[in-house]
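TrEMBL lists Asp74, His130, Ser396 with the feature active site, charge relay system. Among the features that TrEMBL reports, domain 'Inhibitor I9' is placed at 1-42. The domain 'Peptidase S8/S53' annotation in TrEMBL covers 146-432. What TrEMBL records for 510-609 is domain 'Subtilisin-like protease fibronectin type-III'.
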Amino acid sequence: MIYSYRHVFKGFAARLSADEAKAMENKERFISARPERELSLHTTHSPNFLGLNQNTGFWQESNYGKGVIIGVLDTGVFPSHPSFSDEGMPPPPAKWKGKCEFNLTACNNKIIGARYFNSFDDSPLDDNGHGTHTASTAAGNFVKGANVDILAAMDTAVDDGVDILSLSLGGSSFNFYNDFIALGAFSAMEKGILVSCSAGNSGPFNFSLSNEAPWMLTVGASTIDRKIRATAVLGNNESFDGESTFQPTDFPQTLLPLVYAGMLNTSDSTIRRAVKDAVARHDHCKPCINDGNLTLSDSHVLPATHVGYADGIKIKTYINSTSNPVATILFKGTIIGDDRAPVVAAFSSRGPNWASRGILKPDILGPGVNILAAWPVSVENNTNTNSTFNIISGTSMSCPHLSGVAALLKSAHPDWSPAAIKSAIMTAADVVNLARNPIEDERYLPANVFATGSGHVNPSKANDPGLVYDILPTDYTPYLCGLNYTNRQVGSFLQRRVNCSEESSILEGQLNYPSFAVTFGRFQPITQTYNRTVTNVGQPISSYVVEIVPPPGIDVIVEPSKLDFVEVNQKLQYQVTFSRPNSTTNIGYVQGHIRWNSSKHSVRSPIAVILQMM
């Protein structure tokens, strides 16, 4: 036996052959056995982009998340990095029960514990870099200038007393009862812990999400307004802005011969030697239509720039247009102020939600492209400093940003449930970019709701959302029964015997979620009604009037159209009816939203509608 679970699951992990696992089924009180899954990692200026500044505003008002414990489940951590300095940090909260399993005394008042759950490793020291990067993003300190058993790790984190769990990993799931992260996150949620998870890096394709359960915060990735500019200048005077972390100061502006590797005669040994390191190992920088206009600021070993797909095609066209194509690269350093930001990253996984079509996912977008954070080694081979950083991209990077925001909200509102914190983040999200235009996708077209979810996180607005959609742990029982899971499958979440025929059962869309996902097809009624309950966390005496932007071709009625509150924490219910007129023949996806507006607050819930053949 490897591990005996105590909190997130009733059971144990063991190394068994297929025959031994089969034989276990004949044991009394056997429930189920699941094979271990290999999960993928979903791999600064971003706080400022989020409106978080060191000595002012929400970051200061929330006391920088003081007393809130974030548990990061990842590849480990490099504790000597300055991002994990405990200068000015108070001792750990009294509730903390964790351990420090480093060989050396590496924990402090910032890294208050570290454990490992990898049978092939004997230390929580990060030898990959991913965990150090995500941990410093979620809860790193200010720096000037600057295959594990997941279920066992979650179980231990709950026991240790964390407030937030941050998981930048996952895999596709077709149901929740076979998803270890969903199972562990459910038990964590029952204990008041918010679980923040990356949406996955399988975009821009639909149905590509990971971590879709409604009791988790599912985070997509977007750009920030910083570019590390490297501009390609062609012999015809055309120029194309790209990015590169490698910014040499002595690169000549002389035009040099330009070649497209795909056109070279690779049978020529001289050419093979010349392009091996420069091209073959950087094939991800070749134009890729699915990447659209996404540019990544990689730490290239040679002077290089990564341009978007459309610009790459133009460069290739230039090469084909002349017998002597030439170019150079102008390295312009860091440039702040891209008003197109945030743009949904091409790799950010998209909905609809395969495992639960009636729940809209992802929930939220956060910074996940070209994110600067701590790294265990110097990417420049500088051995004279431990202040080492790297720029990488992925929903692995956006997830810890939201974990950090959730920690600030937990500190500011310690009585809020995980669902209330999620709701505040979602209903207060931004749906426009810095230029005040709708958030775009990698093609620079308005992004759809299956890419953005509720929108881009706005921490300050989330701190004062006005209304929240709360969900109690017991509310998920009728939801799970409504998914037509067996009693045993539902029982694996609740860790008790369940008889769904004796429990209430609801449609997915009846869960008190801060967004709506509706399907009209051959097997769904043309009129569907869902209830929602909102809790007043704003001004005691306040009135909210509904604003409806219906999805094209869909009728939306909200009753009542006005909500009048007389005290804080008062709950009021409303009803939304969606109708598909017989004249609606289009197939695909349409979107809209409802918004409850008061004199001070605006509480927005997106609507996604899937239209199928009738």
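Every residue gets a Cβ built from N, Cα and C, even glycine.
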The domain 'Subtilisin-like protease fibronectin type-III' (510-609) [mean pLDDT, rounded to integer]: 94
Tally of residues which DSSP labels helix, strand or coil - the domain 'Subtilisin-like protease fibronectin type-III' (510-609): 1 helix, 59 strand, 40 coil
Around the Cβ of Ser396 (active site, charge relay system), the count of other Cβ atoms that are within 10 Å: 30
